[in-house]
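Per TrEMBL, the feature compositional bias 'Basic and acidic residues' maps to 178-191. The annotation domain 'Ig-like' is assigned in TrEMBL to 1-89. Marked as domain 'Fibronectin type-III' by TrEMBL: 96-194. Annotation comment: TrEMBL describes 178-211 as region 'Disordered'.
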C-alpha cells in the first residue's frame with residue numbers, strides 16, 4: 001500500500017507511510033523517498049525530513065512549498081523497482097486581501113474593491129468589511145468596526161456613508177481554518193457637510209425700522 005493523500009495545517013508535521021510486501025528470499029533492498037520526482041535526503045540540521053525504520057517519512061514544520069506529490073520507491077536486486085505516490089496539501093488561514101481601491105464615488109456612497117489573497121488550499125468562505133469612521137465634528141471613533149459580511153466570491157461592495165466624516169476601509173478574509181490579518185487600509189476618504197434635507201419651516205420676518 002502506497003502513501004496516502006494528507007492535508008496538514010501549516011506548521012504541523014505530515015507522515016507518509018510506505019507499506020510493501022517483500023519476498024523473504026530477497027535480502028537486499030533500498031527505499032527512497034522523492035518529492036515531485038527529486039530524491040529527498042534526511043536533514044539533520046533542521047530535521048525537516050526524517051525516515052523511520054518502518055520507512056515512514058515525516059515532513060516537519062510544513063509550509064506552503066511542501067505541498068507536492070511524494071513517492072516511495074522500493075529498489076530490489078535483481079528485480080528492479082516499484083513506486084507508489086501520495087501527496088501532502090498544506091492548508092492555512094487566507095492571506096489578507098490586497099489592492100484595495102474606491103470607485104463609483106458619490107455624495108453618500110462609494111464602492112470598495114479588493115483582490116483576494118491566497119486561500120492556502122481552503123476556500124475563502126466570506127469577507128469582513130471593516131470601517132474606521134471619524135466625524136469631522138471632533139467626536140472621534142478610534143476603533144475599527146465590522147460594517148458588512150459578504151460571501152467569499154465577492155470582490156467589491158457598495159457602502160453608504162454619513163456626511164461630514166472621514167473614512168478608511170479594510171477587509172479580512174475567512175476560510176475554514178481561520179481569519180486572515182486585516183488588509184492594508186484604504187487612504188482617507190472624506191464626505192462633505194450636507195445641506196438640510198428639508199427647507200426650514202416657521203420662518204417669520206421682523207422689522208427693525210423705527211419709523
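In case you wondered, yes, glycine gets a Cβ from its N, Cα and C as well.
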- For the domain 'Ig-like' (1-89), what's the model's average pLDDT? 86
- Task: On the DSSP side of things, how many residues of the compositional bias 'Basic and acidic residues' (178-191) fall into helix, strand and coil, could you say?
- Result: 0 helix, 3 strand, 11 coil
- Secondary structure of the domain 'Fibronectin type-III' (96-194) by DSSP, residue by residue, totals 0 helix, 51 strand, 48 coil
- Note on the structure: What DSSP reports for the domain 'Ig-like' (1-89) is 3 helix, 42 strand, 44 coil
